[in-house]
Amino acid sequence: MAAPQQFFSYVDGNAGSFIQRLAKAVAIPSVSGDGSSRKHVFAMAEFLAHEMEALGIQVNSVDLGNHVLDGEELPLPPVILGSFGHDPKKKIILVYGHYDVQPALVSDGWDTDPFVLSPDEKTGRMYGRGASDDKGPLLGWLNVLEAHIKSNIELPVNLRFCFEGMEESGSEGLDELINSRVGPGEFFDGVDCVCISDNYWLNDRTPCVTYGLRGIAYYKVQVSGPQRDLHSGVFGNTVHEPMTDLIHLLGQLVSTKGEIKIPGISSLVAPVTADEMKRYEVLDYTVADIEHSAGAQVAISDNKTRVLMGRMREPSLSIHGIEGAFSAPGAKTVIPARVSGKFSIRLVPNMTPENVDILVFRYLQEEFAKLGTKSALKIENLHGGKPWLADPNHWNYRAAIKATETVYKKTPDLTREGGSIPVTLTFAEALGVNVLLLPMGRGDDGAHSTNEKLDRSNYIEGTKLLGSYLHEVGIISKS
Ligand SMILES: [Zn+2]
């Protein structure tokens, strides 16, 4: 039997308290990438562990030791491992989520305080950093469990939880932890499949299940020259300027049409099959959708398939910022002594951080040599992760598709996503099981952006979806 009606009724009847739970979580500014917020990341871990224990989950907060962030040694936030159910007749489903968030400041352009969940009654949108990425989905699992316990419905599977606090900052320490606990009798032993709810629908109307993710290779290119910042009136046209050199270098990375200029990259990309091509053609997705998500008419092409493939199965290179550059208001006449450009490449099969590194380092060094400057160049790879592809015909996917049809009365789009969640690949490789991405939020949620939101209906129906999925898995394991 599919998920019982009492489950759906409980979720509907307790939507208000589920939203309260989300509001409490959003109020904790658990920004992992900023050292001064580290205490909040720990506070978020504590909040979560407490919520989980109250539901009867056996919780183990695993200390990952320290790391260095911007020259400061800091404790890493714990990975929260939880267990619920030990019935050998049921499958063991591992769910993953992250409780850290991207930075957010009102001055970035938020219309509301990013750390106060702000529901808009008219549109049903609930604004707040982390509402969609990834606190809403993570709490969705706890809502599911609460609904079962309070309604006396037997959970059809055994659950294992793995919640981390460093996802937005390269998941430091997580791979080691997972790999160290896969042996007999260890935490991850016996897991039958993995479900991750940490991505989005393509648009705002059709749910999706996701079977692929791009990887990433993130670089910092530092150009340095004078010993200290200089005055352009005194030193302009007198010394080699690091900023000028860096801008030239960054200008050689990618065309304004999105083509990566680094030689050798395109030959690493796996060719498209006819079958795969068909999947893009049937997706409920238009160029207008991506422009709606972006909030402006800025798509790189009018061709749907080109835009879809650009996001799902082609690499991309984005320039993110320049550290050390003068960026305040006003007209300071400084020549910065040292500047660092940050850029990343999204990877697709058969690219890996390793084979891309070689091409990137060689190309930057060659292009820098052409500048004929006396500045110094230093290239660093800040973090990386391989791309991932799963089999969308696996029972784990069939359960998710069925659950989506039950809750949303729609067949979900089968998508590959442009972002990176490196742990997906770690789970697939370390556990050797199928991994499913089952998103809760919509394509226009603005994760990592200003005015991030989660629609009330996505949170509530999304909770039903996660619960239904567990019941569909339960049915499959009996048949
Ligand atoms: Zn996320």
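Cβ coordinates come from backbone N, Cα and C, glycine included.
In three-state terms derived from DSSP, Asp100 (active site) belongs to neither a helical nor a strand segment and is classed as coil. Sequence-distant neighbours of Asp100 (active site) (same chain, six or more apart, CB under 8 Å from its CB) are Ser30, Val31, Ser32, Val41, Met44, Pro77, Glu164, Gly165, Met166, Glu167, Glu168, Ser169, listed in sequence order. Sequence annotations record features per position, and here TrEMBL assigns active site to Asp100.
Around the Cβ of Glu167 (active site, proton acceptor), a 10 Å sphere holds 24 further Cβ atoms from the protein chains shown. According to TrEMBL, the feature active site, proton acceptor maps to Glu167.
Annotation comment: TrEMBL describes His98, Asp133, Asp198 as Mn(2+) 2 binding site. Long-range C-beta contacts of His98 (Mn(2+) 2 binding site), restricted to its own chain and to partners at least six residues apart, with a cutoff below 8 Å, comprise Asp134, Leu138, Phe163, Glu164, Gly165, Met166, Glu167, Glu168, Asp198.
Taken residue by residue with DSSP, Glu168 (Mn(2+) 1 binding site) is part of a helix. Sequence annotations record features per position, and here TrEMBL assigns Mn(2+) 1 binding site to Asp133, Glu168, His448.
For Asp198, His231, Thr333, Arg346, Ser420, His448, the entry in TrEMBL reads substrate binding site. Taken residue by residue with DSSP, His231 (substrate binding site) is part of a strand.
Residues or ranges marked as domain 'Peptidase M20 dimerisation' by TrEMBL: 211-369.
Shown in sequence order, Thr333, Val334, Ile335 are the residues of the chain, 6+ apart in sequence, with a C-beta less than 8 angstroms from the C-beta of His231 (substrate binding site). Sequence annotations record features per position, and here TrEMBL assigns site 'Important for catalytic activity' to His231.
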Exercise for the section: Return one of helix, strand or coil for His448 (Mn(2+) 1 binding site), based on DSSP. Expected result: coil
Practice task
Check the Cα-Cα distances from His448 (Mn(2+) 1 binding site) to the binding-site residues Asp133, Arg346, Ser420 and tell me which is shortest.
Solution key: Asp133
Exercise for the section: Calculate the distance in Å between the alpha carbons (Cα) of Arg346 (substrate binding site) and Asp133 (Mn(2+) 2 binding site), and round it to a whole number. Expected result: 19
Practice task
Taking the Cβ of Asp198 (Mn(2+) 2 binding site) as the centre, count every other Cβ atom within 10 Å, in any protein chain shown.
Solution key: 25
Completion exercise
CB < 6 Å to ligand 1, subset of binding-site residues Asp133, Thr333, His448, seq order -> Asp133
